[in-house]
Amino acid sequence: MEVIMAFVIGFLFMAAVYLMLSKSLLRIIIGTGLLSHGAHLLILTMGGLGGSAPPVLADGVTDMADAIPQALILTAIVISFGVTAFFLVLAYRAYQELGTDDMNLMRGTDEDDE
Amino acid sequence: MSNFLLLPIIIPFFFGMLLMFAPKNIRYQRIGAMTGLTIALVTAIALLFKVKNEGIQVVTFGDWPAPFGITLVSDTVSALLVLTSVILAFFTVWYSISAIGKERESFFYYPGILFMLTGVNGAFTTGDIFNLFVFFEVLLMSSYLLIVLGGEKAQLRESIKYILVNVISSAIFVITVAFLYSVVGTLNMADIAVKIAAIGQPGIITVIAVLFLIVFGLKAAIFPLYFWLPSSYAAPPIPVLALFGALLTKVGVYAITRTYTLFFVHDTGFTHELLMILSVLTILAGCIGALAYFDVKKIIIYNIIIAVGVILFGVSQMNDNALMGSMFYLIHDMLIKAALFFLVGIIIAVTGTSDLRKMGGLMKTHPALGWFYLIAAFGLAGIPPLSGFVGKLLIVRGGFEAGNLGASIWILLSSLVVLLSVIRIFIYAFWGKEQGSLQQIDKGQYRMMFIPTAILVMLTVFYGVGSEWITPFMQDAANILNNPSVYTDAVLKE
């Protein structure tokens, strides 16, 4: 099971890197979304996919899933959610001000602004 | 009271929250931020002496035994860094009052600084690897706000790149923590160190060490990963730039220092050799940049990169002298970089340009500014009585002891380049004939910007002259860095 997950995560990372190397800003943000999905799935997988019950105390359950990776993922999800929201609004503002979403046109030094 | 080490983290956070209630009341914002930082400063000084007198302070939340709860650890290394960051935040806020402008002040500028300080202090104090990630995100989120606040075109353009780079490095951080967790099965830093020592660092741990170097190297701007820094840091206004240049890269440097002296000490032939090569190349890249530009901001920004290389070279040597030198140089560099950015900010405010070729003759109109700049420039280069000397001396001595002659001599040569780059600013801006019209900034505003800068410069002079008083703290710090067992025993004994 872990091997299959490793392949899936590797595929997600590949797609994320490909998208982040493209010109359009929105494709880059979609890439960061895929990257964080990959990272979160990786935490889950690396914690081990053993355990037959959810990590909730109940009578007669002895074989529970590892609770720590789930807590880590939950934290990482809200953080990446906040950052992504900020990034999307920033992209919107940049589109309004700069009039482009092409990263190639967003080059330049301070001399260009004056 | 064992919770005392939390105060430098909680107080900025608390005052940051208080300031969010009345963003438009600028008077309240300024007084609140200054009050909060003064209290934080007092607690940070008290914490440093407490750690010196009573040994390493440890708190594990919720009374869980050490490897199971989140641990905060304050040893001399982190107490020194916490104190320095609070001092810098204090001076930055003081300088901002006249330098940042009312529009920014009324849009959560001061809460941004206070929350960033929360993240920085937390990152210096934490003893849990995932908690380190969370504190990194706290300081990064605040830095996103500060870098884009104002919404100028250059800021929008550069903050997109800054955020993208940091999102990627945060994802790699999470991935690395996941790998580490799957190998050692714990997140507590002391426990990780013990577990790695028990399995004797197999190949996979070395791979994780290199991944950590990539993650923290992206934050700290080491050689192949510094590409984002020069243009991003040139975008925000000067006080923000000073705060970033002094604090943010140093958090990455601290994280590399901590992981490479606590976790990955069993295969130094590979990991520390790699760190040394990268740090030498970092210095080279910084030197080239510092000489290439005529823009005052860019020159000092490339000097950040040089200093990161020098500190990490000291860390890579792994002996008492070099580690003590690194600590000396780290604190010195935080103080002097902030001072230099403040001075450069005043020069830009007075001349109205950041291009060296359009400046000249400031010595006649602003002699005090000129002399303070000269002192700061000599301090940066490490002229003996000033602050940069002791650190570099110890680093080079440690380098000789470890047998790395060529690299140590290269460190010494880089000092010449540093001196040349900052003296170029002095020659162009302060000597020669007056060029163009000076920007008319009124006397009161100039004084409000100059006083904190002058005090900070004098603080660096004191740091250099009074290094005998500071040495015991630094020795203690180097001892902790060089003997991981001191740290792990303090955390795990309870």
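In case you wondered, yes, glycine gets a Cβ from its N, Cα and C as well.
Features of the protein shown, as given by TrEMBL:
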{"type": "DOMAIN", "residues": "B:128-408", "note": "domain 'NADH:quinone oxidoreductase/Mrp antiporter transmembrane'"}
{"type": "TRANSMEM", "residues": "B:6-22", "note": "transmembrane segment"}
{"type": "TRANSMEM", "residues": "B:31-49", "note": "transmembrane segment"}
{"type": "TRANSMEM", "residues": "B:69-95", "note": "transmembrane segment"}
{"type": "TRANSMEM", "residues": "B:107-124", "note": "transmembrane segment"}
{"type": "TRANSMEM", "residues": "B:130-150", "note": "transmembrane segment"}
{"type": "TRANSMEM", "residues": "B:162-184", "note": "transmembrane segment"}
{"type": "TRANSMEM", "residues": "B:204-229", "note": "transmembrane segment"}
{"type": "TRANSMEM", "residues": "B:241-263", "note": "transmembrane segment"}
{"type": "TRANSMEM", "residues": "B:275-294", "note": "transmembrane segment"}
{"type": "TRANSMEM", "residues": "B:299-316", "note": "transmembrane segment"}
{"type": "TRANSMEM", "residues": "B:371-395", "note": "transmembrane segment"}
{"type": "TRANSMEM", "residues": "B:448-466", "note": "transmembrane segment"}
Winner by Cβ pairs under 8 Å against the transmembrane segment (B:241-263), considering only B:6-22, B:107-124, B:162-184, B:448-466: B:107-124
Positions on the same chain near the transmembrane segment (B:6-22), where near means CB under 8 A and six or more residues out: 28-29, 32-33, 35-37, 39-40, 43-44, 47, 59, 72, 82-83, 86, 89, 108, 110-111, 114-115, 117-118, 121-122, 125
Folded-back contacts onto the transmembrane segment (B:162-184), same chain, C-beta under 8 angstroms, at least six residues removed: 129-130, 133, 136-137, 140, 143-144, 147, 191-192, 195-196, 199, 204-205, 207-208, 211-212, 214-215, 218-219, 228, 232
Contact ranking winner - B:275-294, B:299-316, B:448-466 against the transmembrane segment (B:69-95), Cβ under 8 Å: B:448-466
